[in-house]
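Asks: Feature list, courtesy of TrEMBL:
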type     : residues : note
DOMAIN   : 12-85    : domain 'Methylguanine DNA methyltransferase ribonuclease-like'
DOMAIN   : 90-169   : domain 'Methylated-DNA-[protein]-cysteine S-methyltransferase DNA binding'
ACT_SITE : C141     : active site, nucleophile
Amino acid sequence: MPVHTFLLERVPTPIGRMLVLTDAQDRLRAVDWDDYEPRMHLLLQRQYGRGAVQLQDASQPSQASRALQAYFDGDVNAIAELPVAFGGTPFQQQVWHALRGIDGGCTVSYGTLAARIARPTAVRAVGLANGANPVGIVIPCHRVIGANAALTGYGGGLHRKRWLLAHEAAWRAAQPTLGADAALSTTG
């Protein structure tokens, strides 16, 4: 089994310090919260295998950490085109690609996301794939809500999900071409 070496950065944000992992090609491999570091290691182990990931402290800021800082500074779209590489099953990858299609300031339900990937009965499986997402915020699993618009689980805690959604909603409302659509930003 090959060993993957990822560069680790600890990035301060308004809602806690983030762990950002990139590879030698500057592709984002994982994002998690400092207080959830054990969960990040578990997700990496599930995707790459036990002992298959080695972390080194980054010597300089990555494109990903700069984009995440811009996101938290108010440029929600700064993360939209970041190169991401991840493991996961084909189904998980399908869900994660669909998550990237949810615009900042918008939310969708698990059922809507399942329908978007042409698997309308796979709502629970979509929820599990969402929970296994190693690249939170950039692959915006926080934009998925319950069918009744309730905030449901988020690996970094519901307080962070609330903050992220409010941050993105404020950004969307301030966009000249998007602000008028802000009231329509939540879709079922």
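Note that Cβ sites are derived from N, Cα and C of the backbone, with glycine treated the same way.
Keep in mind that TrEMBL annotations are predicted by a computer and have not been checked by a curator.
Given the structure is predicted, the values throughout are model-derived calculations rather than measurements.
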Asks: Tally of helix, strand and coil residues over the domain 'Methylguanine DNA methyltransferase ribonuclease-like' (12-85) according to DSSP?
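Replies: Summed by class, the stretch gives 29 helix, 17 strand, 28 coil.
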Asks: Counting each residue once, how many in the domain 'Methylated-DNA-[protein]-cysteine S-methyltransferase DNA binding' (90-169) are helix, strand and coil under DSSP?
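Replies: Helix, strand, coil within the domain 'Methylated-DNA-[protein]-cysteine S-methyltransferase DNA binding' (90-169): 41 helix, 6 strand, 33 coil.
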Asks: Would you count the other CB atoms within 10 A of the CB of C141 (active site, nucleophile), including those on all shown protein chains?
Replies: 25
Asks: State the mean pLDDT for the domain 'Methylated-DNA-[protein]-cysteine S-methyltransferase DNA binding' (90-169).
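Replies: That stretch averages a pLDDT of 94.
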